[in-house]
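Participant: Have a look at this one before I ask anything.
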């Protein structure tokens, strides 16, 4: 809606008023309104008889065109110019069309324009065109009826029906043998294809503002009940694949010789902005083909064509964030913008006229949004609209959000030092924030460093002091090179087989045997913490001797690199094997793998001091060429003396999918946390899937730690194995079996 500003000069109001009187004198009221995509009321045009002759109407029409030219030539006021062009030109184009079609019909006067709205509210008008044909060839009756004096007026949808004739009078005996049962006229195919169609005249003038949105076709006839299904293929002006319809069949008992009317079928490929080859205001054709060898008789075809507005699409708005206090240009990126429309942007209740740039871009200027005393941020919905006649608008696309910063844009500062004060305040604020951020950073680093340095102390059972700690817990990276030192000249590094955030793993040789080499670099202070963990891993592994523990061979100092030499496992991790569909795993092999893991963990839990792995998962279980599984990656492991009546108060570690609920809750825990992780590994072995697949980490932590979520064991898994899994991941750690018991139960299966 365009509202006339009270500040327009009086001579411009006079021109508008004269223009209004001129239109009223024509005795003619023409308007059209687009109401969105509505199947029943999409487009409406109407005309009313006038007592004046067609020649006088034509003269008035010419005068109206001359008046537009004068206003364009003057062009002293942009608002006045927009009102005149948007309001008159579409109406004059449609008026010319209606005068041509109704040159023998008298017209009556109807005055509905309102001067305050400047004739921008259009009246709905409803008409109807219905044409029919009775020839098997393309009929011209539709074209004649649409241009005849007695032709009905235009309606929102165009409907026509055609009766098929010209086919064979007797079809195959199994179908269409009694054509008089269902209709007088029909087309019947036997073993060859047929084509039939109609030419119809489209009554909608090509204004570019509304297009064909939908075509619904209904077929009536008798169809063979024997497969294959017949297929009707519809074309609109040669556009292929406009519609494919599979004919529904009825059984002979239900419909031995009857007329069947399909449910209406909609052509699926009609674009929201119409068919490319469709000719508005001119002749069009629809063809129906039957290509199958099945027998079918078509008696009647009805097509219903629905029109609607051109629907442009907005995909994004730039900028879409704040601050915005008015005056900024906002660009809307989308599709199907067209120049003949008047694009409007509504910022809340404030309207801003849009600017057409091209078919994919338009812009609007943000109006001043805040009141002079406003101190609260305001949110505004930006709605893109298309106004066809300047007064009736309809929403076409998404509502966008623009945040307007709290400010007072209309009050000019009185102090000459206003900007200087602002700069000082902003500068001080930024400096304070930087100081706080740097302080927080160093505090966090200090806490992390202290926690890692004292990690072994926190890993002890409650009540154990420093004197009771094992010497292995006091290891740092400075003693790493004293653990089974290897001379660099004995090592040949070959191919990289793995990479982490702080280290890389290579294959290589040492004294003629193939080994795995973990290579780490000490680049800065932060890496020192990682190397302390690496030293702890090497210290623990150097003391372990078991067939199911990955063998530690030694360390090598090659500044700035540190090398840890380990036993090479050619098949890689258990995780890789379980997720490789080309590797077949039968029950004996799966049981053997589970038993290997249980034996290795039982050895760790029987050590003195006991070793808690804390990160047991399929990624940290390596497999040799004989499918023997060995436990590795002890970077998060810890050792403490046995106090079976105490629980540890250790920092939560591990991977959430495999971590026990008490660890996720940051509760004290024991070596039974490893038993829970083992249960998840058993589930991986029998399912060969990822636990809690698709769930985000935070949801796993909450669901497992608080709501007792567990993976689902497949029903095909044997009862003893299922029972072992469920006991191992019991909520109560005391209910979980020890690895010594697990080994016995697996050996008995």
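Glycine is treated like the rest: Cβ placed from N, Cα and C.
Annotation comment: Swiss-Prot describes 615 as active site, proton acceptor, evidence class sequence analysis. For 497, 498, 499, 500, 501, 502, 503, 504, 505, 518, the entry in Swiss-Prot reads ATP binding site. For 130-139, the entry in Swiss-Prot reads compositional bias 'Low complexity'. What Swiss-Prot records for 157, 189, 283, 358, 373, 381, 397 is N-linked glycosylation site, and it gives sequence analysis as the kind of evidence. The region 'Disordered' feature in Swiss-Prot is assigned to 124-153. The feature signal peptide is assigned by Swiss-Prot to 1-31. Annotation comment: Swiss-Prot describes 32-423 as topological domain 'Extracellular', evidence class sequence analysis.
So that I understand the layout, could you describe where these features sit and how close they are to other parts?
Facilitator: The number of other Cβ atoms within 10 Å of the Cβ belonging to residue 615 (active site, proton acceptor), over all protein chains shown, comes to 19.
Mapped onto three states, the DSSP output places residue 503 (ATP binding site) in strand.
For the recorded site, residue 283 (N-linked glycosylation site), the DSSP three-state label reads strand. Taking all protein chains in view, 15 other C-beta atoms sit within 10 angstroms of the C-beta of residue 283 (N-linked glycosylation site).
Annotation note: residue 358 (N-linked glycosylation site) sits in a strand segment as assigned by DSSP.
In the predicted model, the topological domain 'Extracellular' (32-423) shows an average pLDDT of 50.
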Participant: For residue 497 (ATP binding site) and residue 283 (N-linked glycosylation site), determine the Cα separation and express it in whole Å.
Facilitator: 71
Participant: Going by DSSP, give the three-state secondary structure for residue 615 (active site, proton acceptor).
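Facilitator: In the DSSP reduction, residue 615 (active site, proton acceptor) maps to coil.
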Participant: Mind giving me a neighbour count for residue 358 (N-linked glycosylation site)? Other Cβ atoms within 10 Å of its Cβ, every protein chain shown.
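Facilitator: There are 8 such Cβ atoms around residue 358 (N-linked glycosylation site).
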Participant: So of all those recorded positions, 358, 503, 505, which one's Cα sits nearest to residue 283 (N-linked glycosylation site)?
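Facilitator: Nearest listed residue in space: 358.
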Participant: What's the number of neighbouring CB atoms sitting within 10 A of the CB on residue 505 (ATP binding site)?
Facilitator: 16
Participant: What's the CA to CA span in angstrom from residue 505 (ATP binding site) over to residue 615 (active site, proton acceptor)?
Facilitator: 19
Participant: Would you mind listing, in sequence order, the residues at least six apart from residue 499 (ATP binding site) in the same chain with a Cβ closer than 8 Å to its Cβ?
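Facilitator: When sequence neighbours closer than 6 are ignored, residue 499 (ATP binding site) has 505 within Cβ distance under 8 Å.
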Participant: If one measures from the C-alpha of residue 615 (active site, proton acceptor) to the C-alpha of residue 503 (ATP binding site), what distance in angstrom results, rounded to a whole number?
Facilitator: 18
